[in-house]
Amino acid sequence: GLFVTDYFTRTPRKLSPFRSFASIELFHFHIPEDTVIAVWNLITFKEQGGTFGDQCPDRSITVYFRSGAPSVINPLHTHFPRDTAVPGSFALTLTWTLPNRTTGVFNVTSPLPGDWFLAAHLPKDEGKISVKGLYEECQYLFQPQLIVQRLVNIAVLYPGHITEQSMAPHNRSCLYKVFVPSYTSRVLVEVLQCRGAESCPLWLRVRAKAPPLHNSTALDCRENSPCQLALDLPFWQHWYYVLVEKHPGVPGVISFQVTVQLTDCSRPSLARPPFLPSSASMNMPHSFGSTGGLALGDSPPPADPNGTKHSVPIPTASPASEQCWPVRPTLRNELDTFSVHFYIFFGPNVSVPPDRPAVFVINLLPVLDSGGVLNLELRLNVSSLCGENVTVFGCLNHEVPLTSSDNSSVTCETESMAGFLLSVNATASLSRLRIPYPQTGSWYLSLRSLCATEHGFEPCSNVTAEVYLRAYLSPCINDCGIYGQCKLLRTNNYLYAACECKAGWNGWGCTDNAEAFSYGFQLLSTLLLCLSNVMFVPPVAIAVRSHYLLEAAVYIFTMFFSTFYHACDQPGIVVFCIMEYDVLQFCDFLGSLMSVWVTVIAMARLQPVVLYLLGAMLLSMALQMDRHGLWNLLGPSLFALGIMAIAWTTRTIRRRHCYPPTWKRWAFYLCPGALIAAAAVLLYTFVETEENYFYIHSIWHLLIAGSVGFLLPPRAKSSGRLGPLPRRKGCGYQLCVNEQEELGLVDPAVASINSICTS
């Protein structure tokens, strides 16, 4: 065949350690139909400070693959909520082959067409709280690339027609495809009139949606005569691929015929006719994928050099053919993103008769609905059972309803299809099912009522069970509970939702309490973080006593907003917010930095109010730019220290004596205060983690407030209480001059000589 190669790539993204699904990086790809191989090239490289991160440690990277919807992953092995179905996915771990770069390859032969999703993350870290900008962080960037190779001009089989084919010696196989419309209960593929070799050395393989693989449904025509392969309950509205493969080592040309018969379950006594008025009758796409392909209703295409087609009689289906029942649609009501309710006409109470199943269809839109959770709830009305031991079974299957006529069967699986089973009875009248990240398309729910007997389940007689049915789409499971937050995330143009848990709770719905904080622990951590701010009371008292009223006001502001910010910032249920979280956080950060600023300015003994206003404006600007950036916060503090250093140096040079002048001030106040502040900064920067945050940060509050009490300078002596200046003695006289004038504190024009004293 003729192959076409397509290339797809995505922008590199920074990976994060796994905490929840909200911390992964999700990539969305689309694989076209008729693809025979898909190769993902997974490129990972390190960066540090804008250069290659050769010194960064090697951290394993896990990549997940899934078709149709994002992967439901559980790398921490937490518990899922009750009644939650977990779909499977492929996983791959990348190891490093070079100091700063590695490449992995993931091949998928005959992948399913449509949407594919890749999820990647780093392993969970120790939860250290790092200060942004303190050092160059190691970044791990991940970039997936997709290369697909697809076949063009695949021959199309028309139901009820024979296609003749000759397989040359250098060819090993021939590939065909046939479209299976809705309400098809059986697909029969047959190889006829095999010539050119003894006992027809051919394999017949059939697969839905993509070309067959080695483990697809297969039949050895050499051992089966006639060579017929039947598929019951095929997927509706999909292409089925038929591969006729030659046994290895068979020489010469082999000729054969291939035909396909489709059984219409709405008319089980008839096979589907070869021609219909239009393609809409079978919901078949007008384009068959091959050059010159025809829509139904057109005449059959002309024969190609190796094959011909002509009509054959339609055999009557066997009496055992499956019968399908009417499918009741649901009404889609969109309330919000991933908030969709599916209403049943004349519902939500539905009747399940004893002699046939009740079938409903739920249509999920492509791409749009795969990022939420599909919820299904069955509630049995026990009063409708009339005392009978009735059990209502529900089978939820994707793309085809499972309505087996075997009344003793209570399974929702076949050889080629797996579904989800629900059951309700008089004892357990409620059943729920949650499917996170469901595949899009049509989901069919089949309800059957059976009576339990000594020999198992048997059909009930004259008992119509009534069931309350509720189906809806939600962003997260139970809105992540009280210990989680449901977040709406986006990757390019794809939206999905995930829970972000807190207070030690984990799991897909924040229901795993293996590491959860108890209520007492939450209360203790909240009280420690809040009451540790009481340590600012002594600095406030010292500031008031020393007449530093502006500084005292700043300390009170800091104490108030730090207390209520931490009361609002708690992850558990011990939370109290008097304002919006963002306002409390801004005021807490501003108060903390203003406390440092006014303390340093007071130590410099500079009184101009303009410095306080300048500090408030600079710090507000820095916090608005980045509240967690190191240099945005450290810059104003260093500027204040620079002002203090200049003031102290100026006084030292002018007085020719070290400032502050007394050794007691240095030994008992400045040095201890500086050491306490340095210890607080070291704890905050290098020791604080998510696990010890509540007590390390409380110690930070105590140390910072304590350092302010040591560093705040003593009260400046008032000019009115200065001691008398030394008297200047003249010849026989002691001249008494106004001391206020001598200090330059009054206008000399109004000054008067107090007295002239004789010796």
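Using N, Cα and C of the backbone, Cβ positions are placed for all residues, glycine too.
Fair warning: this is a prediction, and the values are worked out from it, not measured in the lab.
Among the residue ranges 175-198, 487-510, 631-654, the one that TrEMBL annotates as transmembrane segment is 631-654. Annotated by TrEMBL as transmembrane segment, the relevant range among 133-152, 573-592, 693-712 is 693-712.
Annotated by TrEMBL as transmembrane segment, the relevant range among 516-536, 600-620 is 516-536. Taken together, the residues of the domain 'EGF-like' (499-510) have an average pLDDT of 91.
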